[in-house]
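Per Swiss-Prot, the features are:
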- Gly50, Pro51, Pro52, Gly53, Ser54, Gly55, Lys56, Thr57: ATP binding site (BINDING)
- 424-479: region 'Disordered' (REGION)
- 430-456: compositional bias 'Acidic residues' (COMPBIAS)
- 469-479: region 'PCNA interacting protein box (PIP-box)' (REGION)
Amino acid sequence: MPELPWVEKYRPKKLSEIVNQEEAIEKVRAWIESWLHGHPPKKKALLLAGPPGSGKTTTVYALANEYNFEVIELNASDERTYEKISRYVQAAYTMDILGKRRKIIFLDEADNIEPSGAKEIAKLIDKAKNPIIMAANKYWEVPKEIREKAELVEYKRLTQRDVMNALIRILKREGITVPKEILLEIAKRSSGDLRAAINDLQTVVVGGYEDATQVLAYRDVEKTVFQALGLVFGSDNAKRAKMAMWNLDMSPDEFLLWVDENIPHLYLNPEEIAQAYDAISRADIYLGRAARTGNYSLWKYAIDMMTAGVAVAGRKRRGFVKFYPPNTLKILAESKEEREIRESIIKKIIREMHMSRLQAIETMKIIREIFENNLDLAAHFTVFLGLSEKEVEFLAGKEKAGTIWGKALALRRKLKELGIREEEKPKVEIEEEEEEEEKTEEEKEEIEEKPEEEKEEEKKEKEKPKKGKQATLFDFLKK
């Protein structure tokens, strides 16, 4: 297992240990104690807002430790956040199964909540019987629906002196001495982010003071994915390889695909390739657990495996090497338009034929068979569903698409001539045949010779409203 990060090793266990946030901590205590005294606050959610590394997440876990709560941590960046909150919200109604530990639902990165899910999350807050705490770097980017339901607690940016004092305390507990000028440089570059400063301190201590300036400067440079791959595959040094994802604007999941793709191009020995893939598979396990549980602290173990684990797997090619983008991303990029067209067709089937998504998917298979074997019927379906030219090509293929599209255009013109609006095509009223407008001279004479009473009866009969019947799809196609 990798060495425990100092950020976790020295994370405060009590609220009183949190650096220079006394006013915020006082508000948090008052809020949580109102729950414990049986008088839940008016606002059942707490929103901790402040810059990165100011102690927001640490507050939640110190609070849970001090008051004996269990923390259920979720991340708002996850697309399935609302689903997870819905699944776990039962924990906000009741205590633990044994009734011994209450739960805190902790929603991190609340400023990344999608507006579409904000109203639903706000409803869940209203139902809560146990505390819900959220954290955000940018308060103004938290959806209004959430802000209105939460009590705001502001965290101030830590000063350079605050950061320095915290670093010195860690060094004393480790029994290590670091030159003062290096500590000053770390504190200065952190911009009040204590978490980043502690990570930098550990990196400098592990890597050696002589490289401290280079290591710290490296944090300020945004890398490309090719530079990151160069660190992984261009060095046998695990410590250096771990720096690969610093300032890389890419998620660990995506970077894993890049590393995975390039292993067979860079390693020479089959056994070493297998060892590198073993590290990749372990990284993938950690990423999967993080996604399922919302515990994104597991990312650090995944990153260690996909960088340092791969770097030390064996001998690599020397000299100029070419890096390749992952086939997975290439396939997804190439199939993006195709997937969008398929989804559009499914939605049109659902709308026009009034069926579920699963039924629509099965129906599309049948429609595809029709498009490949019956061009006339395919043209009718094109008009009925309102398909575009690309959607027709998706269903029939390039060779037949032109013919079907031409027939569909002709059918649309015919429908317009008949006065049938396309938006009414799923349900058309088929009127009973009207009497022929042009009658022969003999028929006109017969009508004139009829008694007046018969004429009156016929007139009343004509004035009666004509009955229509609801057309089916097959009636429409027959036209």
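Cβ coordinates come from backbone N, Cα and C, glycine included.
If you draw a 10 Å sphere around the CB of Lys56 (ATP binding site), it holds 25 other CB atoms from the protein chains shown. The Cβ neighbour count for Pro51 (ATP binding site), using a 10 Å radius and every protein chain shown, is 15. Listed binding-site residues: Gly50, Pro52, Gly53, Gly55. The one with the lowest count of other Cβ atoms within 10 Å of its Cβ is Pro52. For the binding-site residues shown (Ser54, Thr57), fewest C-beta neighbours within 10 angstroms: Thr57.
A Cβ within 8 Å of the Cβ centre of Gly50, Pro51, Pro52, Gly53, Ser54, Gly55, Lys56, Thr57, the residues given for ATP, is found for these other residues of the same chain: Ala135, Asn137, Tyr155, Asp193, Leu194, Arg195.
Across the region 'PCNA interacting protein box (PIP-box)' (469-479), the prediction's mean pLDDT works out to 45. According to DSSP, Lys56 (ATP binding site) sits within a helical segment.
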